[in-house]
């Protein structure tokens, strides 16, 4: 019977997490349990299994899950119900995937009676925070191992040397010098950091982008989509009912073809520094526009404004890793409650990077043509009411100015 | 000596305000003083003078002002310092012009000893509120005449009949049936409402748009711009220093050529109904992106988030007509204070409707490459600090979960 | 068969609403349906029935309801879950009763097929708004009659003359000149406005107060209470389970004896003016302290802060009459969600006007003595973590200052 | 020439900081510079000088400052302009003193060319954060020494042993076992933590309180005060002009005599745990009431509400130690701007623990008796306006309900 500590590692099968795997075995004499998830990053998972076996992981300690539907249904869609943007622009593609991975890792730790979990995020980024806040919230006494904060393999060279020594297969690209972009992908987006992006005044390389064509290369013909919404979530595309993951995949496909969803940004990390990132979020960019469009006719004004007032706060919670916090949950309850009547369809036009809403309708529409019309409305709205409305809204300002004058005179 | 009441009318020279002019003379025996402003709507003002004279206005009662610089410098730019968007999308092109017109009208009323002011906004819209809140805030005891809320000329036919009878020249377009779009233009935007836009599921007509080419018709070559900012305001374009109005005009020109700034929206009016509007805001769309870009490297994270948390509220104040209110002024003081270090340049790419930031730099940049780098930072940042940071941020959630478990057991 | 319009009148049985009753009969030839509710104002309801009969109301048109339990359970307690204070001080005693009356009036209108409702609130106050926003939200096409905004009985003398002529019995107090305080009472509070309170620099008369003794007259011995809470609501007092209305009545009784809950205030009305009011809210003052006390040990920090950040907005919604609005409901969903673990007891001391929490405990307590202690905690908390926590929280400010210096040098 | 590191220590002269002083000499071979400030804690400072000399500090390395005026003028008063309360109840007496000490310590470090600063706050509390965020914000590259997070003297016994060995005089109270309360005092308050307060269900001991008499022991006669305000700050008491520190001292004196300002609280620390504290803030309690009173007649409604909406956030910033942050400064700019017309006087009554506003007046009063009156106002306010005001405010809710019905039918 082994008394070695068990560690559940979030394992991608790539170079970095393979080095971590080995390092956990070497440094902690750990029995490593690997967890590899398909959240739509677009890579085969079987190679990860093979590599794990090759690195000595017992078959029963290899967990490979397809979490795509859960990811979109329980994380991406709830977030989009709030029209969520971090710092006015970022669709939170990386942030929203971490809580799911943390949750599943903890579940596996319970199942395998592991005392520890480990991840491959660095000590400078947001992801370590997102993973670990999730771990601690769900399993408060878990031991967290964050190799990047512990080891001394901080340069690319040392890492490669360790890998070589440990017999970890190294792909050609890693050997051919030059730090790669730090990339992260899932069904919602792919991100790029590092390398010459570290200079905010340097333009991103054209070859960097992977999911979308450049607007210049997109088709000359616009594409029109119809999205149907039910309680704030998209359920059908051009009349065809799709599961959440199918929906996002389909929109990524179409959006990518039309050059939709590129973003080049300097953002503020939770750990206190600014960082430059480039993102491709084709489906998400369409979903944000679509959701604003369907809400525009189905949501009460003050409810919409309440949501807008809370949006940045909600976005920051997700960005900072507080998905599993009680305050995020409380906000979610409010947000979800507001979506009851957010039903209907939105017609969107995609063209060379642009996404625009061109039409929308709903059986729950609050748009009242009789009242909105510039033509005679047959008395539906009494224009004289506006006089009193303005008078009372102006009253406090009139009193203030009259008071000021009385005093001055 | 005349005892007729004096009324300062916001006069465009168009059909509607000409009918109002006549109606004020007829119904109030008013001595009408016309006020026509150039705020960049792109129309000659001299015809308005001629028409006023033709309608019997004394030359000394005709006021024509070029307010373009004041408009952009004191209204548009301050608003853009907050990255202001109403309901997530609308750049407030109409809203921001009304306070200036109201202010100037009151100044003229004082100068001419007029007791009243009048405007041509209907009783269903936001503009009546914006005008009148401005009037009352600045001159609390002014008498406001809002003909559209008083008269019975509520249909197009009645209006034309009145005009004809009054000898007001009617342009051909008005006679040829079909209600025109309700349009409003100034240096920031042109807007369209009414007609078949009143059906939110009907797509806007291609011929409606006036300021921008369709993205499909825009040049095949992207255009790169460099905007220089000083304390949050753009001061130079591609190295050439421009006045505020010149800047906005130049950006409108370039943006329009590249199909930038179209928006089709259902929005919530302050008077309680939803309404559909289409907008072209080429320069403003560029400015929003540019300002976010320069702030991204020069603004402290928490200051940026504070601004984001207040933005929707600030936008709603402007949309609803509270520019001259003490609460808008208080928010402005905060916003302006945050812009001290918002200096530097942003490089933008325009291409067939898209505006994207591709580079940015500033002598006040808070981006610290040494710390942000994925490479070895030579100790500038101690990764171990992150462990404590996460631990303490997680503590309340860990205690909560442990408490729950203790109770459950 | 009568074709006279039916009007449901909120009828107190007092002079003012009796005049309104008559005036509705005279001016609208209305078939008046009276609705009199016991919401704890402390007056017999049977005299109202007698008076209504005397004024010609058919017995089947007289509705008298005891709404005390509903009032406290569905309106007062939900509001207290948010520690609600308007403008930092006012416990919203009047505001919270109006939505219930509006709702019941609409129910009776439906039951009796009445097309109209009427109330006795003046055109200057908040209550008209609260009543009518309720009516319209629940029954959008109801006809509202607000006699004080329509008639010319605006002086006390005219009102009395009308009453006399109409054969309405007038109590001695009304005849003996001197405008009475405008008062409003229900289980939550009694309020006073008008008369010499209209001068904010005049002190309130000692004889004005009705529900509480002056602190000077309160017992020399303090009184200790124990309140038990379940999901944010008080359910037992000193170990005795009480219904909501019993609870509030009991706390009013004890609080009143100990001089608790007087308030003298200038507040901002929704209709645009400032007004001076005096309030006695003995039970409510205890409940606010008690609720803060039980939340202090059971609520997560960030949830508590989220509630605090939203509280003033929620209070303003209730003050302004938006109880039945979708935005108040959305906020309520969030607030109620946070109260799941707000269970336990609070010990309070009442003494001559003071209410103080002296002890509190809960099975859901998040207070962790092991961690909070100043003594050795046996490793429950690692003090070294604080160093990293502070370092990362300071990072952005350090970078900013270093940047500033580099630039300056 | 010495190469020993120089450390500026926040030195109270008490046991703990004397041990730290010695420990810095022993462990860092430090040349210690002591800084002792009078911020109104009510202790002689000369004994601290004597003790420092006794412990081997060179006279030129002993800094003793009277910071009382600066403390109240530049920290306490600005904070009170926002009616600041943390978690609805706490007046932030400790939090507001830390930034001043941090600032002065940094100034002395610059003056003496010291590379380090040290403080005596523990690793579990908020004060370490407040001190160190201040240090880092003002002097980003300062070295911070926090002995409580470094050493192993975590129990009372070890500390006393170290002191004895180091020849530090130990007062009798420390020897007589039983952990003392952890106390902190300055002109704004005195606080108590620890000991049996660590059990939130245990009542505080009567003998614990030091600054105020128990309400039961306070005079039978109420005391009336008149506070005069200028731009939001109190400048005269009962007609006598006082400096900021004199004002707060005088109010502490009177408040303390009347049993005003005791508070017993469980609060949420920034480092993640709940903690129980007792506070005496006699003058501050009076100032909060007074400031709300003067604002109630001089502040515009929406400005007041904006402040209320931001208050909890501002309070949390101060509580968490972000006084020197750019976001606190930005909020302060807004808050200060709103105080321009907050002039006038407030009359308050103190009686056995109660503080109540009984009258208030201002030359800048926005209270308009003509309009507020229940009597005939001679047309100053047109009650009919209220009808339109309500109608338009209700419109969105009416449309929503009508829409719902149409759909349901």
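Including glycine, each Cβ sits where the backbone N, Cα and C put it.
According to TrEMBL, the feature ATP binding site maps to A:10, A:11, A:12, A:13, A:14, A:15, A:16, A:17, A:18, A:37, A:120. The feature L-citrulline binding site is assigned by TrEMBL to A:90, A:95, A:126, A:130, A:182, A:191, A:267, A:279. Residues annotated as L-aspartate binding site in TrEMBL: A:122, A:126, A:127.
Taking the features listed in TrEMBL, we show where each one sits on the structure.
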residue: A:10; record: ATP binding site; DSSP class: strand
residue: A:16; record: ATP binding site; DSSP class: helix
residue: A:90; record: L-citrulline binding site; DSSP class: strand
residue: A:95; record: L-citrulline binding site; DSSP class: coil
residue: A:120; record: ATP binding site; DSSP class: coil
residue: A:126; record: L-citrulline binding site; DSSP class: coil
residue: A:191; record: L-citrulline binding site; DSSP class: strand
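Here the binding-site residues are A:14, A:120, and the one ringed by the most other CB atoms within 10 angstroms is A:120.
All protein chains considered, the CB of residue A:16 (ATP binding site) has 19 other CB atoms within 10 Å.
With residue A:95 (L-citrulline binding site) as the anchor, the candidate binding-site residues are A:10, A:12, A:18, A:120, A:127, and the one with the nearest CA is A:127. In this view, the densest Cβ surroundings among the binding-site residues A:12, A:95, A:126, A:182, A:191 belong to A:95, judged by other Cβ atoms lying within 10 Å.
Proximity to chain B, defined as a CB-CB distance below 8 A, holds for A:122, A:182, A:267 out of the binding-site residues A:122, A:127, A:182, A:191, A:267. On the backbone, the CA of residue A:182 (L-citrulline binding site) and the CA of residue A:122 (L-aspartate binding site) stand 11 Å apart.
Residues near residue A:127 (L-aspartate binding site) in space but far in sequence (CB under 8 A, at least 6 apart, same chain), listed by position: A:94, A:98, A:119, A:121, A:184. Note on the binding-site residues A:90, A:279: the fewest other CB atoms within 10 A surround the CB of A:90. A Cα-Cα distance of 23 Å separates residue A:279 (L-citrulline binding site) from residue A:10 (ATP binding site).
In the three-state DSSP assignment, the secondary structure recorded for residue A:267 (L-citrulline binding site) is strand. When Cα-Cα distances from residue A:18 (ATP binding site) are compared across the binding-site residues A:90, A:122, A:126, A:130, A:191, the shortest belongs to A:122. All protein chains shown were included, and the count of other CB atoms within 10 Å of the CB of residue A:10 (ATP binding site) stands at 23.
Looking at residue A:14 (ATP binding site) and residue A:122 (L-aspartate binding site), their Cα atoms lie 15 Å from each other. In the three-state DSSP assignment, the secondary structure recorded for residue A:279 (L-citrulline binding site) is strand. Ranking the binding-site residues A:90, A:126, A:130 by Cα distance from residue A:10 (ATP binding site) puts A:130 first.
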